[in-house]
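Chemist: Annotations per TrEMBL:
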- 35, 78, 80, 81, 208: Mg(2+) binding site (BINDING)
């Protein structure tokens, strides 16, 4: 029985079944790790997606990835990032995350915002897909830098703690934005609404960070844990990002240098 802090909706399960079964059918040798533990057999055909995106296939594959074998890839799937916000009707916080890792490193990712523009009126186009590949770039949004000289920190909306707040206070931010979902927080960085994403707590998992990391790195940003360690995404790795998250589009060193040692000591990778 899932408690209130471990919300799992029917939407989570259906989206995961659709993504994982569709990928497994098309790419049977990849390793797929999803947030929900679900069997991929007996998935009804209406959940299988067998199409492809012409826009992406037109682009040349970066040279360093042309020789990759299917079995060398690990795909990390979060079918519904921001579940708590989804259940509360905060639909703009919700994303679907699919990250692709090779050699333990996030190399490509998709952030889908199914409800993007949901408050924009009847004629607005609903939903958008942001995607990126290292060495190719990131697409589906307008890359924007946060206002120069402003320190705007985006952090958790529903998982705050004394440590989270101590860490943010040490950065002396001009403004703090609290939103749900790791994918949504990275979008705040790449669209210039925030200058740093700071989460000094365990709680987020590899499927929360793989896709956003690839997109952020594809446009020159940086994400690590609070202690400055890179995330590893090989299939044997533990799922929890125990030492939290620090991410920026620019000026990573400025924020990293201001994380208190007491905070780093409290978070063991």
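Heads up, the Cβ atoms here are built off N, Cα and C, so glycines get one too.
Where the annotation comes from TrEMBL, it is an automatic prediction and has not been curated.
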Chemist: Among the binding-site residues listed here (35, 208), identify the one with the smallest other-Cβ count within 10 Å.
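Modeler: Least crowded of the binding-site residues 35, 208, by Cβ count within 10 Å, is 35.
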Chemist: Among all protein chains shown, how many Cβ atoms are found within 10 Å of the Cβ of residue 78 (Mg(2+) binding site), not counting that one?
Modeler: 32
Chemist: Just name the winner among 80, 81 (the binding-site residues) by count of other CB atoms within 10 A of its CB.
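Modeler: The most densely surrounded of these binding-site residues is 81.
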